[in-house]
Amino acid sequence: MATRMKLKLKTVFVLYFMVSLMGLIYALMQLGQRCDCAEHDMPKDRTISRLRGELHRLQEQMRKAEPTKLPQKLAVKPAQPTIYVITPTYTRFVQKAELTRLAQTFLHVPQLHWILVEDSPHKTPLVSGFLASSGLAYTHLHTPTPRDRKLQEGDPSWLKPRGAEQRNEGLRWLREDRRGQPGADTQLGVVYFADDDNTYSLQLFEEMRGTQRVSVWPVGLVGGMRYERPVVEGGKVVRFHTGWRPSRPFPLDMAGFAVSLKLVIANQDACFDGDAPMGFLESSFLQGLVTMDELEPKAENCTKVLVWHTRTEKPKMKREEALQKQGLGSDTAVERIKAR
Amino acid sequence: MPKRRDILAIVLIVLPWTLLITVWHQSAIAPLLAIRKACHHLVKEIFIIPERLAVHRHRLADDGADRGRREAGQSSDSKEYCSSDKDIVEVVRTEYVYTRPPPWSDGLPTIHIITPTYSRPVQKAELTRLANTFLHVANLHWILVEDSQRRTPLVTRMLRETGLNYTHLNVETPRNYKLRADTRDPRIPRGTMQRNLALRWLRETFNSNSSQAGIVYFADDDNTYSLELFEEMRSTRKVSVWPVAFVGGLRYESPKVNAAGKVYGWKTVFDPHRPFAIDMAGFAINLRLILFKPQAYFKLRGVKGGYQESSLLRELVTLNDLEPKASNCTKILVWHTRTEKPVLVNEGKKGFTDLNVEI
């Protein structure tokens, strides 16, 4: 009896020893392949963020045409209204430079969402690559201007209103597609139309953030004057100080007003009329939205200039054109960006 | 005897399990620690310099490590763990607006930016967007030199409000020397006296023995600079060069770099045989070199069009010493944009707008 028991114990012991030895060897082999470990030992929050990333990617795939770079909020409600900046842009030599310095300004503004709309039948790689590396929250849209409304080579810049279709596309996105975004349940936001060659001070964005309906402020270097501005008396806008066609319903520049998101969504039909006569583009939009006495003056009762209507010269390329005729043009593969 | 056997048995049972547990535990923790450290590092960088982060991401993409993040001393595994989830990076970035400008870092060479400026309607706009760019760059010192008899209140106020680290100088170019409308006969190229004053200020303020590393860059107020440019120039040992867009009537002008990484010529159409056929925005000089050669200044008179940069550089360095940046001069990081002169026809003789409102 004793020997049988002893034997049993011995075998059990030996078996046990062998099993544990096998286990140890197995574990040691596992160490050699690090990658496998990752699956087992990811901490909870990394799993969550990975899943969130996948969710985000799936959402992107669902939204076929427009990949929107929107940072995921970690259960933090935005305390401030988001400023949605709609910028129409078109391909020309200085495009990347303009967008670069614009992005450098926007990077300083918290809670800003840039809606960049290209005047193009499809998204250009230059703009796509640029936006991806900009570090901003953005939406990349595109819509081509119909040929008859497009400025031709040699046309003066004031001949046809520019960017109407693109701005309307931005408005459409805000009204329709934005709902798919996280944080879109709130209508707390301000819409601003920023052209890519103007200059914006950082203070401007803080001034416009509190817009309830439509806020206005002076714009420098526009209308053939040092600045144009609304004239404020008793905290209300009574008329506009401008040298060019002051009888317009809203003799403002595109950069001189901002509209609250609520108002944009409430008035689904308000948009820019591309056929409007010169200088009436802003009025065609604002007329349906607000009356003059409802305007909210900003920038210290419209006495400070916080935005300038600068324009960039077209770079002279005569030598380039001459070279290209000889087939020796500068390398077009060098994109004028910080390439990947 | 049974005691010994018992003890032996117990030891032999316990030993493999303890080994297993300790080794397993360690292998599980180590990569976790690596993640934590790498991610933490990432997080820290995001908080302080988000744009820098984007630049780093770029650089690594260039190095072929797809979605990798090289951290000094990290194991190769942490690359896979931490980097690829871009969402973490984005979340943190947008929840926190970093301090403007970025906090001073003792390890980085200071970039001294010399900008000549003069009063005109677009001046404040140009300086505003330039300041918005510079507010992203760490360890930046802006030397703004006005072409005026006295420092104007507009510039003084603007500089103070930006919060940048700056020095405000002024020197007036004598009236008969100023660039006239017909550029066929430029007396002194615009900005020369102002840049020379800044060089003189640097030489008076810093002595050669000072250990403070610095880079000197001449930035005009209407150009456009990418943030990557400033990081490229920080590693200048003597004089570094890179391509500039929209100069010389071309899409871009660039130095010619041979396979050995040395500059041997200039890819320009306009007089490529100049000693330094490069635009003012296309090079940066190490401060030590400026201090070491105290007689080197921009030549004031008798300088042919396009030779201004050469008049300074030839006293400092030879072609062989030039360091090509921007991936061996293949990327464009600075654009020579020019701002249109605004048409102020409606101001009329008396001035329609209130002159007290600053633009």
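Positions of Cβ are set from backbone N, Cα and C atoms, glycine also.
TrEMBL lists B:GLU309 with the feature active site, proton donor/acceptor. In sequence order, B:PHE276, B:ILE278, B:ASP279, B:MET280, B:GLY282, B:PHE283 are the residues of the chain that are 6 or more apart from B:GLU309 (active site, proton donor/acceptor) and have a CB within less than 8 Å of its CB.
DSSP gives B:ASP220 (UDP-alpha-D-glucuronate binding site) a coil state; it is part of no helix or strand. A 10 Å cutoff on Cβ-Cβ distances gives B:ASP220 (UDP-alpha-D-glucuronate binding site) a total of 21 other Cβ atoms nearby, all chains included. Sequence annotations record features per position, and here TrEMBL assigns UDP-alpha-D-glucuronate binding site to B:PRO116, B:THR117, B:TYR118, B:ASP147, B:ARG190, B:ARG195, B:ASP220, B:ASP221, B:ASP222, B:HIS336, B:THR337, B:ARG338.
The Mn(2+) binding site annotation in TrEMBL covers B:ASP222. In sequence order, B:VAL122, B:GLU126, B:THR337, B:ARG338, B:THR339 are the residues near B:ASP222 (UDP-alpha-D-glucuronate binding site), counting only same-chain partners six or more apart with C-beta under 8 A.
Under the three-state DSSP scheme, B:ASN328 (N-linked glycosylation site) falls in the helix class. Sequence-distant neighbours of B:ASN328 (N-linked glycosylation site) (same chain, six or more apart, CB under 8 Å from its CB) are B:VAL257, B:GLY261, listed in sequence order. Under the heading N-linked glycosylation site, TrEMBL lists B:ASN328.
B:GLU253 (site 'Interaction with galactose moiety of substrate glycoprotein') counts 25 other C-beta atoms within 10 Å of its own C-beta, drawing on all protein chains shown. Taken from TrEMBL, the feature site 'Interaction with galactose moiety of substrate glycoprotein' applies to B:GLU253 (among others).
If you look up TrEMBL, you'll see B:ASN346 (among others) marked as site 'Interaction with galactose moiety of substrate glycoprotein'. In the structure as shown, the Cβ atom of B:ASN346 (site 'Interaction with galactose moiety of substrate glycoprotein') sits within 10 Å of 16 other Cβ atoms.
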Fill in the blank from the handout: Filtering the recorded positions B:PRO116, B:TYR118, B:THR337, B:ASN346 for a C-beta under 8 angstroms from chain A leaves B:THR337, B:ASN346
Completion exercise
Cβ neighbour count (10 Å, all chains) around B:THR337 (UDP-alpha-D-glucuronate binding site) is 21
Handout entry: Maximum Cα-Cα separation (Å), residues B:PRO116, B:THR117, B:TYR118, B:ASP147, B:ARG190, B:ARG195, B:ASP220, B:ASP221, B:ASP222, B:HIS336, B:THR337, B:ARG338 listed as binding UDP-alpha-D-glucuronate
Key = 21
Handout entry: Pairwise Cα distance for B:ASP220 (UDP-alpha-D-glucuronate binding site)/B:ASN346 (site 'Interaction with galactose moiety of substrate glycoprotein') [Å, integer]
Key = 29
Handout entry: Spatial separation of B:PRO116 (UDP-alpha-D-glucuronate binding site) from B:ASN346 (site 'Interaction with galactose moiety of substrate glycoprotein') - C-alpha basis, Å
Key = 29
